[in-house]
Amino acid sequence: MQIFVKTLTGKTITLEVESSDTIDNVKAKIQDKEGIPPDQQRLIFAGKQLEDGRTLADYNIQKESTLHLVLRLRGGMQIFVKTLTGKTITLEVESSDTIDNVKAKIQDKEGIPPDQQRLIFAGKQLEDGRTLADYNIQKESTLHLVLRLRGGMQIFVKTLTGKTITLEVESSDTIDNVKAKIQDKEGIPPDQQRLIFAGKQLEDGRTLADYNIQKESTLHLVLRLRGGF
């Protein structure tokens, strides 16, 4: 069948393809016609960036569909994600991609829902709203993918301003760990945080399980006064 590829300059390229062709194949055909290396090509259809290993049929691209070709920003790069089984996944990313974006790409490739993914880099768990640049993750960096234990859960932390923060935690996390997660999200040093649950102030060395804090529990965050004791 024929499909069309429209570039940002407005030029339209016509390609002969099969439904079973992969996005890699299509990029190779574009290289043949236009001389643009595949690693500089990003193909968009129906608002979605197309992943190399998938086929046209996977994206329901039919005859006379129009794809959009965007040249990859210089910030484009490959990173690797290693699973506990030892498998390594290669992802095409931008420095400005959020951890959410990366988890979505992993879902596209591996079928693992984002809420079951924990990504680790340099020993640190990566928070969804942050970007690769925030963590200084550069080209060919390797992230580690850990599947979230069944003990993994969300809890909420409500501040005196009324803002509610959502945290991903394990029952075995200590109050110290929780304060560190709050610092990552909100920038509040742990020594200025007091956490309250069921009217009780939580002690740093104890775990969430110790206080019977379960999924979707709400903690209250009170800022410690300077000089307070």
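Cβ atoms are placed via backbone N, Cα and C, with glycine included.
The following features are taken from Swiss-Prot:
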- 1-76: domain 'Ubiquitin-like 1' (DOMAIN)
- 77-152: domain 'Ubiquitin-like 2' (DOMAIN)
- 153-228: domain 'Ubiquitin-like 3' (DOMAIN)
When secondary structure is assigned with DSSP, how many helix, strand and coil residues does the domain 'Ubiquitin-like 1' (1-76) contain?
18 helix, 27 strand, 31 coil
What does the DSSP secondary structure composition of the domain 'Ubiquitin-like 2' (77-152) look like, as residue counts for helix, strand and coil?
18 helix, 30 strand, 28 coil
Please average pLDDT over the domain 'Ubiquitin-like 1' (1-76) for the predicted structure.
89
Residue counts (helix, strand, coil, in that order) that DSSP gives for the domain 'Ubiquitin-like 3' (153-228):
18 helix, 29 strand, 29 coil
